[in-house]
Amino acid sequence: MTDAAEKTPAPETQLPKTYAPVEVEARRYAKWVADGRFKAADDSDREPYAIVIPPPNVTGQLHLGHALDHTLIDTLVRRERMRGKEALFLPGTDHAGISTQNVVERQLADKEGLSRHDLGREAFVDKVWEWKDVYHERITSQMKKIGDGVDWDRERFTLDDGLSAAVQTMFKRMYDDGMIYRAERIINWCPRCMTALSDIEVEHQEDAGELVSMRYGDGDESIVVATTRLETMLGDTAVAVHPDDERYRHLLGKTVEVPFTGRRIPIVADSHVDPAFGTGAVKVTPAHDPNDFAIGQRHGLESILIMDERGVITAHGPFQGLDRFEARSAIAAALRAEGRITAEKRPYMHAVGHCERCDTTVEPRLSKQWFVKVERLAKMAGDAVRSGETKIHPPEMEKRYFSWVDNLLDWCISRQLWWGHRIPIWYGPNGEEVCVGPGETAPDGYVQDPDVLDTWFSSGLWPFSTFGWPEQTPALDKFYPTAVLVTGWDIIFFWVVRMMMFGTYAMGKAPFGEVFLHGLLRDKHGKKMSKSSGNGIDPLDVVDQYGADALRFMLARDANPGADAIASTELAEVARNFCNKLWNGTRFALMSGATVEGDLPVDLSLIDRWVLSRLSRTIEDVDRHLEQYEFAKAMDALYHFAWDDVFDWYLELTKPVLAEGGPRADDTRRVIGHVFDQLLRLLHPVIPFVTEELWLTLTGTEDRGDSLTVAAWPRPAGADDEAERLVGALQHLVTEVRRFRSDQGVKPSQPVPARFTGLDAAGLADQEPLIRSLVRLEAPGEDFAPTAELAVSDQAAVALDTSGTIDVAAERARLEKALKVADKELAGTAAKLGNEAFLAKAPDAVVDKIKARKATAEADIARITAQLQRLA
């Protein structure tokens, strides 16, 4: 840990006039890595602080959502490193099974006209590894450009040898523990991806479908059912009614014929049926609907698969070979011809499951798959939060978390893919089944299960497998459980819950002390950013145009627990301007002789006391907000302290004393150096590049190997209420006089004779020379005749003579012209807002803009009227 403010020579090197991020960032990052600034030691005595990266998928490059995660994590880790902890930001990437396989399959088809089956499993997997290598390199390059302070020596990949062994170990342990089993169940099937999907990999959308009512049987023994999936009729094995429904009591035990199949099916009573919904009778297709499967289990019904993995009808008859949607239309036409359609509704809006990866309509399908029993795991994951072992930010997200873990169904973990962790189950020639762990070998003649595990199985091990589990490594001892998980709330079901389940099961401890859930990124219009909307922003475009620090500050400045964040090129420009202002302010401080040498003076001026008090309060605010993951509030505190207190006021207030010279000027130069030293430290975690460059120049310590990355984090020194009160009064006085001068059209450089009264009572008598210097007020002469008097506080007032500074007649004419413009604007906006027809049609955003224009016009009228009264 270094603290360059103790004893360092005054800097001799001056900064360039403008900040050029492209000249600084790559050089600074390379030096940080070369100097080992981001490495964490397993054997240190320091308190550990570790955050594992939410591993980006190797499907493509990083998007702005990744940049948000990385910025927030890096801000936390850099700060804790400066606070003296053994801080670790652990990097890595995810193999992203189905997603990566899909993009490689598409590339293979587009470029070579081949399918994965044309290549074969081994050759196709080699192709995916080639893809992974390209995009892994691209992702790590992006991370470096963004400024991620990660320990690259610890980088992991969910399919590397160590993590593959961890996955195999976990599977075997759970299998031996009776928590993994294979069974026939209704699962979500994607005919495009040709694999099973877990419930959370299915997105439900409102689709415009059809609701068709059809009649089974004839005459008094007929019964009408309604369905949105008419093609599944071919697999019906019963019609069910509620046991208390008197309408169908006479039909119980009877059978009806399924059209086009020749099969007769029973009418059964089941309490699952809602007699008030539709006709009160439902068709039962056990092989293609989860509720029907349950009914079939209760009544011993046959389960008939009527389509293959591609969604093509396999049931014998006239519809065999048709796609499921083609069959739906063909069956409707055939039933219509037989007079069995009693009602049709199109469009019928209803929720339909779609594959989250390719958007194909999901097909519920009976299939033999591998499942995890989640009841015990879910309870442990829920208890960890209920007991306070893990704290969720914001607290209101706990309800969402519990609604998930308390209602989990067994998790389908097998996927019919080639890219991923192969299920470590081997089958013998006579149906034997053996689970093979790491280092074990299956018996001769046994064949491995062809399926791979759900990506989220390996991702669920990430917080401890990355530290070497199942081995009890020094890294695992040091850094598990990790400090906090930083991720978006939208991934709580996919990833957070699974890590909590696996961590409590394998380690006996929850993987995180805290979970910080941020919101989604939206554009400047409030619309969610997405590829489909075309409103996304490439983070590297922002870096190239504005610099990495601007990207990071923009993202952090709007990030709060659970709340969505806004990102735009305009906000990136604001952040860039802040970095430039910081550069220029530090450059001015250096040119003024700011120094970090020696202790702070004891006998300080009011202005120096004030800025140190504001600095102390800012440190307290930043610490408090970051402890609660309120990044936006922390960034605002830093922004306003830097821009308002330091750049706009403090540097301006110090100019007279610096120009005067002497011991007081030397004291102020030391305070300026201290303020900038502390400000750069406070800003470093979020904007590391520009602050490192400025701090090393300010302290002149680069030659001795110092770095802001390991400089001590600032501590509050206590507030000075009196100084803040007095300088606050001074600021108000100066602001009021400047506003008056502007309103009267007095040029900024034009001195105005003025006399103060009440400065003694306001406690500002000693500051009168400074005030006069700031607002260009000269001492009154013998012929002083004030034209205006301003009450600038409860105690103080200032009388001014502007007679010699403005042309009263010309100024009155200008103001009267401006008043007419404002009156016209007020009349126009008021008329629009009073027009009911306009208000009924206009978008809210348009109405809001007109309201804002009206308010501005009203304020302008009041201001101009007051100015005219002063001229009278």
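Numbers run from 1 along the shown chain.
Each residue, glycine too, has its Cβ placed from N, Cα and C.
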Range among 363-367, 528-532, 558-562 that TrEMBL annotates as motif ''KMSKS' region': 528-532
Motif ''HIGH' region' according to TrEMBL, located in which of 56-66, 430-440, 441-451, 617-627: 56-66
Surrounding residues of the motif ''HIGH' region' (56-66) on its own chain - C-beta under 8 Å, 6+ positions past either end: 93-96, 99-100, 103, 131-132, 135-136, 138-139, 142-143, 146, 488, 520-521, 529, 536-540, 555, 567
For the domain 'Aminoacyl-tRNA synthetase class Ia' (28-436): best-contacting stretch of 444-564, 608-753, 807-872, by Cβ pairs under 8 Å: 444-564
For the motif ''KMSKS' region' (528-532), mean pLDDT (0 to 100): 63
Helix, strand and coil residues within the domain 'Methionyl/Valyl/Leucyl/Isoleucyl-tRNA synthetase anticodon-binding' (608-753) as assigned by DSSP: 112 helix, 3 strand, 31 coil
